[in-house]
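Asker: Submitted below is the structure of interest, expressed as structure tokens.
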Amino acid sequence: MSDPGASAASSPAPPTPTGPRPKMTSSGRSAVPISSSNSDSTDIPEFEPFGLPGPRGFPPLTDYLDILEVDMMRLPEETNKQQHHTNFYNSDYLVVRRGQEFEVKITFNRPYKPASDKFAVEFVIGSSPQFSKGTYIPVFPHNERSSPWEGSITNTADDTVTMGVTAAATCIVGKYNMYVAVVTPFGIRRTRKDKSRNLYILFNPWATADAVFLDDEKERDECVMNEMGILYHGAYDDVAERNWNYGQFNFGVLDACLYIMDRSDMPITNRGDPIRVTRKASAMLNSRDDEGVLVGNWSGDYTYGVAPTSWTGSTDILLTYASGQMPVCYAQCWVYAAVFNTFLRCLGIPSRVVTNFYSAHDTDGNLKMDIILDENGRIDRSRTKDSIWNYHCWNECFMSRPDLPAGFGGWQVVDATPQETSDGMYRCGPASVQAIKHGQICFPFDAAFLFAEVNSDVVFYSRNKDGTMEPVRVNRTHIGRMVVTKSAGDMTRREITDQYKFPEGSTEERTVLEKAEEYGCKRDKSELPPADVDLILPTLEVSVGDDFEMSLEFVNRSDERRTVDIYISGSVVFYTGVTSSEFLFRNPTVTVGPNKSVKESVTVESKAYMKHLVEQANINFIATGKVQETGQIITAMKVITLHNPKLTVTVSEGGRVSEEMTATVEFTNPFSFSLEGVYIRMEGPGVMLSKSKYYSLIQGRTSLSWAEYFTPQRAGDSRVIASLDCPALRQVLGQASITVKP
């Protein structure tokens, strides 16, 4: 008799699967496939009989009401797009918003008789339309049958009926197919499927019943209708701007946004809920775990894609993703935020890009950024792991939050930059701004992480020879120094720090921090006596390639002389706060008389930092020192963003819609060395689609000029924006304002 154990042991191992991971299906667990693609649709029969036909089949239906023509009233100048604020969408189809009436004209073969004729307008979305799921919606001209959407006849003229349809303010957002169905004694006959009768239904911030309703006309115009954005970067005391073309109305962008949701396998039935849509999109805008839109890259090597600093708008990115169906290279935080903003505004969700200066990361929810010093007060870079981003961009979107207590709706933070996982995926939000401000960090989603980004403390630890560490200085005001966004209605910036946090040191702030601690956020409680010597670093404006003086001021507030052993470190850093290389180190000893101040100057030569510069040209100075008489530690930090040369952009005079114009970009290489592999991009909202030009070499001290023709499509004020980018010089920007007459 054979040994069954031996038989089992000798059986071959199952084959290792190769190729792409098999996709989970709904087969066997649901009666019909779960519809998760807006691009999939089903054919509805042109005739649905009420019963079996007789021996000779159904009689001719010529005696009954028949549909000859359907006019979707989809032109930009017609009432539908005008009243729904969708006339800017460059689409051949009707685009309307939910919760608001739109009209279609139906021409029959004879005059419509309300008493005897019965018809319905049917709307279908997805591959498995069902009335109970909200994916098949029949709308009737009278209230003889219930429907989640409202219908009425608004006008009758000869054989033509104008039907008013109001989609429910909670309906699915996406692309629908429309049919007209007529009841005959033998069955229902309807129009055949026709692309011209497709329509898009979007969120509606103008409708009070919609979850994204925003009752502020100026904010609505800015956060839904404006295509011209300004992204803020640099340092909090030297804020820089870059223009961005959101392009939410450009041809193909709306379809690209719907494709993003299809690619995520988001069920069609969830796409009417802005909470679910924004949370899913925050994961899909990055490619970390779902083949989403953008690949993040902070390395400085962009050989296989476009440098993040080179992009000037969202349209190219979204259209490339939708057509190639592969993630687009490359992005950093402001690119993620800008493209996410396009997605939100395109679908009708009010949104804006926000910049937080000195943003805390890698905090693990402990509200501390640790900087380790050795026993002499010098920073220990090998043990200092946390990073403080000079700035970080995220999005705010406006919606109600029925899942939270009253008062926590309104602006919500969403962030597509892949930093930490949330419920297993790289995504963040939506988190209520009010919840962040009031320390309600248990509220979904990811409020604790965002709370730490604006409220962490910078804690300096002294590491003793035996490895023990003790806090020697705590800076409670450095993180979240300033939060800004573009002002509604003009091109200036608006500070909104007070929407995220109470004033530093206030009673309210202490209460909020205590509440956050109750929910598990740990912060440093050290109450250290303030040092009686202050160290002040100046605010400087320095251009790339310049030599400059860094003057450190020591202020002695005591009645005795103080001697300070100071360590001054100058490093080239990425904007994420990560050090690329240290190019300067000084360790002078400074003596300050009682109640006096002394300045210590450090000369910084361009040849010392130029060869180390990375993109965005940030230099971080950290000065730490120890007072000999008291043993107290003093510290100061300053980020200097070196100013790049500018592009000069000029536009020809007398702009009119559909008349050709010229835009010219000029640049002079101010350096003695040549610039290689140079890309220049140019575009403008409503006036110019993205154009680019490549220069293999721009020699030192030489100039270039590039002119392009363009034809404005819309009247009004706009800008032509341009960028120059190459490995040796990133983020060279320029713009020109333009007014286009009708």
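Note: Cβ is positioned from N, Cα and C throughout, glycine not excepted.
All annotation found in TrEMBL is predicted automatically rather than curated by experts.
From TrEMBL, here are the annotated features:
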type	residues	note
REGION	1-55	region 'Disordered'
COMPBIAS	1-11	compositional bias 'Low complexity'
ACT_SITE	C333	active site
ACT_SITE	H392	active site
ACT_SITE	D415	active site
BINDING	N455, D457, E504, E509	Ca(2+) binding site
Asker: Should any of the recorded positions C333, N455, D457, E504, E509 have a Cα within 10 Å of the Cα of D415 (active site), which are they?
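Answerer: Those near D415 (active site) - Cα within 10 Å - are C333, in sequence order.
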Asker: Given the recorded positions C333, N455, D457, E504, E509, which lie within 10 A of H392 (active site) by CA-CA distance?
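Answerer: Close recorded positions: C333.
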Asker: Could you round the CA separation between E504 (Ca(2+) binding site) and C333 (active site) to a whole angstrom and send it over?
Answerer: 27
Asker: I want the residues beyond N455, D457, E504, E509 whose C-beta is within 8 angstroms of the mean position of the Ca(2+) site's C-beta atoms, in chain order.
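Answerer: Near the Ca(2+) site, beyond N455, D457, E504, E509, sit R476, T477, I479, G480, K501, G505, L513.
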Asker: Let me know how many other Cβ atoms fall within 10 Å of the Cβ of N455 (Ca(2+) binding site).
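Answerer: Other Cβ atoms found within 10 Å: 26.
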Asker: Quick one: of the binding-site residues N455, D457, E509, which has its CA closest to the CA of C333 (active site)?
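Answerer: The smallest Cα gap between C333 (active site) and any of the binding-site residues is with N455.
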Asker: For each of the recorded positions (D415, D457, E504), count the other CB atoms lying within 10 A of its CB, then report the residue with the highest count.
Answerer: D415
Asker: Return the count of C-beta atoms lying within 10 angstroms of the C-beta of H392 (active site), excluding that atom itself.
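Answerer: There are 27 of them.
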Asker: For the recorded positions listed here (C333, E509), which one has the lowest count of neighbouring CB atoms within 10 Å of its own CB?
Answerer: E509
